[in-house]
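TrEMBL has this to say about the protein:
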TRANSMEM  12-29  transmembrane segment
TRANSMEM  49-67  transmembrane segment
TRANSMEM  79-99  transmembrane segment
TRANSMEM  111-129  transmembrane segment
TRANSMEM  175-195  transmembrane segment
TRANSMEM  201-220  transmembrane segment
TRANSMEM  232-252  transmembrane segment
TRANSMEM  264-283  transmembrane segment
């Protein structure tokens, strides 16, 4: 208990909370909330044991699939480092989620919220990198092999249409980098306001919801635009729809079942399998881009 920051005062508050709950129930009242949270039965040092376990499982699923991604995708793939960085951001978020549900403090609460916002923003950046640009820009034909029977194309012949040629973030890394800097500035402003001005729960929820909707619509638009060229597009569509649909479980605000299982814990538990489908999409997409290069196209 001491290792996780529990003090005698904290333990007193915990015991008084349950005395209050008992009095409420004895008089026929509903279970009260304390500082906006339902009462949970503490297990060892875990304030919300099921939510902490669910966060751990999500982190482990993310780690396992990151290892599988790195073993299946060569580093030469254009999206390799971008996807690996996204995994590290996600792992960091699930770590702080586990810490927060283990011990709710001023620091752990903010780290949980801020790291969750970082994952959403990075997902938007990931979509920007894979979005479509102008056809025919950003690729050049590799020189033909001396023994190749095919004649070399003259400069006047336009390059062929190809999915890689329409990938804005890969053909114009300067634009995607500028967009990434913009997202970092937005994130820094968001964190600064909540840290130094006012930690407004309503504003934080509204900001994350707005970015989440942008993320949802952008990815769905990407899936729709690639539905005829990429056979694995449905994996991405299923992931974004599942994640945003499962987030609606948060609206089911009810007292914890057996004093450990609430809507938030159910939401976290339900997202564990989604990691496997999402990384399956990342592997397919990264290998597709790599094979595109090997077939005779390269990025500028």
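Using N, Cα and C of the backbone, Cβ positions are placed for all residues, glycine too.
Highlighted: of the candidate stretches 12-29, 49-67, 79-99, 175-195, 232-252, 232-252 has the greatest count of Cβ pairs under 8 Å to the transmembrane segment (201-220). If you count C-beta pairs under 8 angstroms between the transmembrane segment (49-67) and each of 79-99, 232-252, 264-283, the highest count goes to 264-283.
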